[in-house]
């Protein structure tokens, strides 16, 4: 009965009621289980209550309830979304010590955390081990390069994307590449990507044009700005 009530409250975004049921479970010596903990961690993380998410995660560990990949994913995504790199890195360290096998979704979340934590080498090491990075992972890695301002890694990431992930290069990936080069004052490289985008018949959207125009303005490059217009 309690499990059913909990699932209903979570499904209808009644977090306060779900939390009350969770507390009642513990008072009645009813083991909430990994799914219940993970659901609460996710729900609190989505609204920015990372303190509660972390407390729940630590409570799981204290009770010898081993977090699974879904638990790690929702917690890392919440840390990345709300820029809590301290706890994000701690979660990754916990996973590393226990040799947790991660999938690409978790790898992407780890890349995002490391990028925000200015740990570009760690992010890049994860990225280059992925056999065929998907669009979301490629964009996360490019954002990490933007966050850290690492031009050298940015070039390496671009080469890996071309070599491994040609099939996922769409307008969003092109735009992220342009943004990355623009943020590093490499306007010539940004325009090369823009022209490649046109050549591949991948239509730039307004965000693509805005990103490139901002890069042109930053470099006071009116000629390329006119080409974009």
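Glycine too: its Cβ is placed from the backbone N, Cα and C atoms.
Noted in TrEMBL for the protein shown:
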{"type": "DOMAIN", "residues": "13-131", "note": "domain 'PROP1-like PPR'"}
{"type": "REPEAT", "residues": "33-67", "note": "repeat 'PPR'"}
{"type": "REPEAT", "residues": "170-204", "note": "repeat 'PPR'"}
Task: Integer mean pLDDT for the repeat 'PPR' (33-67) - done: 93
TODO: Kindly report the helix/strand/coil residue split of the domain 'PROP1-like PPR' (13-131) according to DSSP, in that order.
DONE: 89 helix, 0 strand, 30 coil
